[in-house]
Each structure stands twice: as structure tokens, then as C-alpha cells.
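What Swiss-Prot annotates here:
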ACT_SITE  H108  active site
BINDING   Y26, G27, S28, Q29, R49, S53, D83, E84, I85, Q86, G134  NADP(+) binding site
BINDING   D191, E195  Mg(2+) 1 binding site
BINDING   D191, E227, E231  Mg(2+) 2 binding site
BINDING   S252  substrate binding site
DOMAIN    3-182  domain 'KARI N-terminal Rossmann'
DOMAIN    183-328  domain 'KARI C-terminal knotted'
Amino acid sequence: MTVQMEYEKDVKVAALDGKKIAVIGYGSQGHAHAQNLRDSGRDVIIGVRPGKSFDKAKEDGFDTYTVAEATKLADVIMILAPDEIQQELYEAEIAPSLEAGNAVGFAHGFNIHFEFIKVPADVDVFMCAPKGPGHLVRRTYEEGFGVPALYAVYXDATGNAKNIXMDWCKGVGAARVGLLETTYKEETEEDLFGEQAVLCGGLTALIEAGFEVLTEAGYAPELAYFEVLHEMKLIVDLIYEGGFKKMRQSISNTAEYGDYVSGPRVITEQVKENMKAVLADIQNGKFANDFVNDYKAGRPKLTAYREQAANLEIEKVGAELRKAMPFVGKNDDDAFKIYN
């Protein structure tokens, strides 16, 4: 399947004109979507449960309501609460207030694709999924460009769902740099696979394994940390900027030769088969059900995984080394918090 990048000129209909927009949730993505849309001239209110997010939204100048109140007032409702709480939030506070002709949006297809949330047939369902964290969605918008986004339609009750999704993407700044049309199935499954097999799960497991190999062979933990973790950003930045080609042009011949010779010894066909098994568990819903069931049980598995990860030797070594590198970790930690 070949997809074509679309831009502001391709957003033909100002579908959000005259619409009351409710952003549900005011965390990482919520604050960015809401502020960008407001700055794009849209009529935005916030729906959120009492707490830090509620207070922050009011502080930022938004009319802020309970989730149920905001849903009743709005024509277009974007649900940007964490995936695991969306089902109960939708069933208790959003669904009873929906009306025919409303539009409901998401930034990730998880709950719609796996059918944890079922929206009435007379309501549009769309997606705007920026390919970056909320603080970058906001910052790049303020700088005059944006973060690329995927958009999709799951249900088109009014015949206007695609226009709403594209206009939403334009409003948050994504159409300045590029939009790609997708489906809920494709976005959800690819996004989860990327996170689990490569970007988060695969990467951290690779780094930890490399650290263990070096330290178990007698090398100093501090030096091992620099070799397998600290330098990762330098390499990833080069790949991000110009693909594998730019990275390989920027490293030594020794490193490049070692890349070709040893990379396939680490990432073998068996690793690829393991990746296929990860993808299968995503496609058949096993991962989604395990994740949701763990949340409903009080997160025992997630809590145990977090405790185990916090006690890794590489984390302890890294924490000490970063104290001596004041230029590392200067980002505002608050920008990365997600308030429920």
C-alpha cells in the first residue's frame, strides 16, 4: 500500500468551523491539542476529572468542566485520557451524553480497534495521531511548524468524518509538515508493534543485554554504560536526520565494518521470528486483553515490572553518571507527565 503525504492545501473543508470542541483529558497530548486548536481559532473546552489536570486547564485559561458536562456541550469530542482508563470513562461519563451527529476522536486506535469502546452508529469516529509526544506537538506549533500526524476514519455517520479529522490535524499544526491517511487497525497494530519490538521493549532489552555482557566480562560498569546507552542518542539522531546512510557516513570505517559484520549476528532470524510472535499477540488481541485486565486488577504486573526495571544495575550506574553531566536531562520533567 502506497500512501501519499498531504498538507494544509489538501485540507479543503473547515469542518470544525462553528463547532464546540471538547478535549477530554489534559495531559501530554491533551494540553497540546487543546492549546494548538485554540490558537488556530477553534472553540475549545476541557473535560477532565477533578485533580491536577483540571486545575492546570483552568490556569491555562480554558473553560473546564466535568467529562459529562463537556460532552453535553460539545459537537466534537476528542478522548485523550490514557488508554487504560478510556473504556470506563467513556461508558460512565461520555456515552450517556452523546447525541446523533456528534464526532468522537482519538489519538490512538487501541480502544476502538480492540472494541473496548463501541460508539453508536449515528456518531462519527475519527483519529488524529501526531507522531510525537505532546510537548513537541505544542512546541513545534509555537515555532511555526509541527509534528506529522496520521488520520483515520472508523465510522462516518454524517459523511463529514474525514473532513473533521483532516481539519483537526490542521488545527494542531500537523498539516504544516505532513499528514498520512491510515486505518484504525493499521495505526493500532503498527504503533504497538513499534513500541514493543523496537522503540521501547526491543531497544531497552538490547541495551541491557549489551551492558550485562560487558560487565559480566569484567569491564567497568561506568564505561559499559557510556558504550551501550549514553552514545545511543548520538547514533539515533544521525539515523533520524538521514537514515542508516547518514549514520554510516558519520561513523568510522571500523564502526561501519563492524555494523555489517556483527549486526546480523545479534539480530538473527530467530529474533525476527520472535518479533513475528509479538506482532501475532498484538493482532489477535492477547496483548490488549492482558494489559486491560492487569489495569482492572490494580496493575499488579505493571507495578512488578516497574520495580524490577528500577533495580537494574544500569539504571543505578546511569543515575550516578548523569549527576556529573549537567548538560544531560535538562528537559522539563513536567512536560512528560500524564495527569489522569
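Along the chain as shown, the residues are counted starting at 1.
Each Cβ is built from the backbone N, Cα and C atoms, and glycine gets one as well.
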Those residues of the chain, 6+ apart, with a Cβ under 8 Å from that of E227 (Mg(2+) 2 binding site): G210, L214
Neighbour-count leader, CB within 10 A, recorded positions: R49, H108: H108
Between the residue listed as 'active site' and D83 (NADP(+) binding site): CA-CA distance (Å): 8
I85 (NADP(+) binding site), number of other Cβ atoms within 10 Å: 15
Cβ-Cβ neighbours of S28 (NADP(+) binding site) (radius 10 Å): 21
The one of D191, E195 whose CB sees the fewest other CB atoms within 10 Å, among these binding-site residues: E195
Nearest of the recorded positions (Y26, S28, H108, E231) to E195 (Mg(2+) 1 binding site) - Cα to Cα: H108
Y26 (NADP(+) binding site) to the residue listed as 'active site' - Cα separation in whole Å: 16
E231 (Mg(2+) 2 binding site): tally of other CB atoms within 10 A of its CB: 11
Closest of H108, D191, E231 to R49 (NADP(+) binding site), Cα positions, recorded positions only: H108
